[in-house]
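Summarising the annotation, TrEMBL assigns compositional bias 'Basic residues' to 671-680, 688-698. Annotation source TrEMBL lists compositional bias 'Low complexity' at 699-716. Annotation comment: TrEMBL describes 448-555 as domain 'PGG'. Summarising the annotation, TrEMBL assigns region 'Disordered' to 671-730. Annotation comment: TrEMBL describes 117-149, 150-182, 357-390 as repeat 'ANK'. Under the heading transmembrane segment, TrEMBL lists 456-477, 497-518, 538-557, 563-587.
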Amino acid sequence: MEDGHVNIPIEDEVWERRRARLRALEPVYGPQRQVNFRFRAYPLLRAIKKGRVDEFIDAFENYSNAEGVSLSNIVAIRGPSGNTLLHVAAGIENADIFRALLEVIDDEQLYTKANDRGDTALHIAARAGRFDVAKLLLGGDSAMDVKNDAGNTALHEAVKNGHSNLTDLLLRGGSTSVNKKNEEEKCPLYLAVETGNLEILLRLLEALDENEVLSSNIEGMSPVHGAVKHQRLDMLEKMSEKKKELFDLRGERGSPLHLAARENYVDGVKFLADRFTSSAFTHNKDNYLPIHVACKMGHLETFKELFQHWPDLEELLTLKECQSTLHVAAMYGRASIVKYILGNPELEKLINAKDIRGNTPLHIATVRGQLEILLSLTRDHRVNLKLVNHKNFTALDIVDRQITKIDAPLFQRLTRTILVSAGARKSKDDTSSQRKGFNKEPPNINILERRAEVRMIVAILIAGVTFTAGFSVPGGYNSSPPDAGIATLLNKPVYNVFVICNSIAMYNAIITVVILLWTQINDSDVVFRILRMTRLPLLIALATMSVAFMAGVYVTISKRTWIAIVTLIIGITALFVILIFYITLFVPLGYKCRLVQPFADCIIRVLILNSRRVTVNVNERSDDPLFRKMDPPRRLFPVRRRRLFPVRRRRLLLVRRRLLVPVVRRRGLSPMRRRSRSPMHSRSLSPVRRHHRSHSPVRCHSLSPVRRRSLSPVRRCQSSPPPPFSPSGSSIDSYTSICTF
């Protein structure tokens, strides 16, 4: 560089003329007009993007004459995004305009001038792959390791966009950012792996010094972890040949083998297990070995590969809890891993192994609520159901401590059913202090009442339908004596089936209604027992009503054989579905008979698919990782919110308006009437009138429309009467009545 200019050999006469035209602009105006041209450089920017040097010089001259600006000020102007002319010229394919700009730049700081995103001209050239432009910039005073706002240097941009020639140029130019991370925690080594460019990766590995490959020097994500994540076995092999030290780096998920086990990268697991055997015995931050990670994620193929390398799984335990692979698989509900371990005779010792707290895999599955794992473990005769942990709890003891209500969720009841059906028992220490005083909480009376109301409606509908069908018999009645009033189809056997089933359905429905009348007693235990008593008569009513309908239709169309057969098939299928879905509600699934167990297991598996797991806390210690909260699994049939039809929507709006009528009317009062209903006016009332006003229908808007509809008319009036009057006012302030309209 001489006199502030870059020496560029120009032999062509055309370039001599171009240089002369540009130099002629410099002394014309001088620096006296310094104006902000940030948003007035569009003509020059358009001329640069066209890539024609002569047109650019013409635009340069026209702009200088029109604006009255010197050459040194023109080259320093910036566009809307902060780009100088040098930035724009660095990104186009033709490098001639960039050469022309370098001829007239006196300010060396323009080489490293950044735009609004922190990019220098070298960043843009490296991103666009402009080798000639980058070569010209490196010949000047351009800093190659300057970072932009994203933390990328020119080497980052070249590697990220796959420009191997530019990468080689920057490395030969002395770039020291091979192991420097950007804002995304990625160094050029990781970017080369991420883009899958093996050629660039080899050049970067050659540029590394022997002393640089340390965990403290490689910033950001490890390139080995990147190769595992993107499943690039060829890159893993090259890195193991060039720089084995890279495999000692650990990431957030542990060693490369931990990540390979997590990603189920079987080829990577095999390669790492063969080349770097010691990594299989290192724990990650969760205190897991790679084989535990495979169990946690449920990757059976990865587990098999690791098991082939280290068949002695009894020695491979977690760091703090001392849990085996079966413990981890049972904890996270990985059925494939559990079934493989149970089916392998070499791993029989893991079945009843205990962790540091004395919990077996059966305890773990019970606490975590893994129903499918429980079903697999309890059906294996080698599982000892009587083992206790250090708190002297068997698996059944844990379930009994979880179930604190009579109407426990289906999830908890299934857990106990699976254990009881397998023959699980409680521990002999029934007098421990932890079991003393343990009583189940009564069920929620509101939930039980809603169930009773639904069952009452169903029973009343069945009774009404069957009563009507008893007098509107199929075929009608005879009108001629001596059989006047006798059913015309009386002599047909199918008609007799209709009459018998219809009568059974009606009487069972009436029995159900009569029993449900006892739910008016405000006792949750009584209501719960009544609901259990009405299961069987309601089932009989539903089943016999279906048979009666099928018989009634059949007897009227029996002369059409094919229609009658189709009707029978449909009716029998519907009856079978009704029985199956209703029997599952109260069939003793915990029955230990071997003939019943296969059928019960099928029902349990169906219920498991649609059950919801609950949060369980058996240990009093909140820091126990065994009892961390887990997200409930998705339902097989997700419950969706019903879309309201216009008529139903209008009804809801009408109910809401009625509920808010007192509030609206209160707001609509005139100032005089509002003053008459002010607190001062209330004070003038007698204590008794103030008490009744506080419990007037004005407060009925606090009751939701759904709750009001669920109450019977009598209960809407009598469910919550006002408390007795107290002159002190304590009962008045703490009580809000529920009233009707």
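Placement of Cβ uses the backbone N, Cα and C atoms for every residue, glycine included.
All annotation found in TrEMBL is predicted automatically rather than curated by experts.
Secondary structure counts, DSSP: the domain 'PGG' (448-555) has 83 helix, 2 strand, 23 coil. Residues 452, 455-456, 459-460, 462-463, 466-467, 469-470, 473-474, 526, 530, 533-534, 537-538, 540-542, 544-545, 547-548, 551-552, 555 of the same chain lie 6+ residues outside the transmembrane segment (497-518) yet bring a C-beta within less than 8 angstroms of a C-beta in it.
Residues of the same chain lying 6 or more positions beyond the ends of the transmembrane segment (538-557) and with a Cβ under 8 Å from any Cβ of it are 455, 458-459, 462, 465-466, 469, 473-475, 489, 492, 494-495, 497-498, 501-502, 504-506, 508-509, 512, 563-564, 567-568, 571-572, 574-575, 578-579, 582-583.
Across the repeat 'ANK' (357-390), mean pLDDT in this model comes to 92.
The DSSP breakdown of the repeat 'ANK' (357-390) into helical (H, G, I), extended (E, B) and coil residues amounts to 16 helix, 0 strand, 18 coil.
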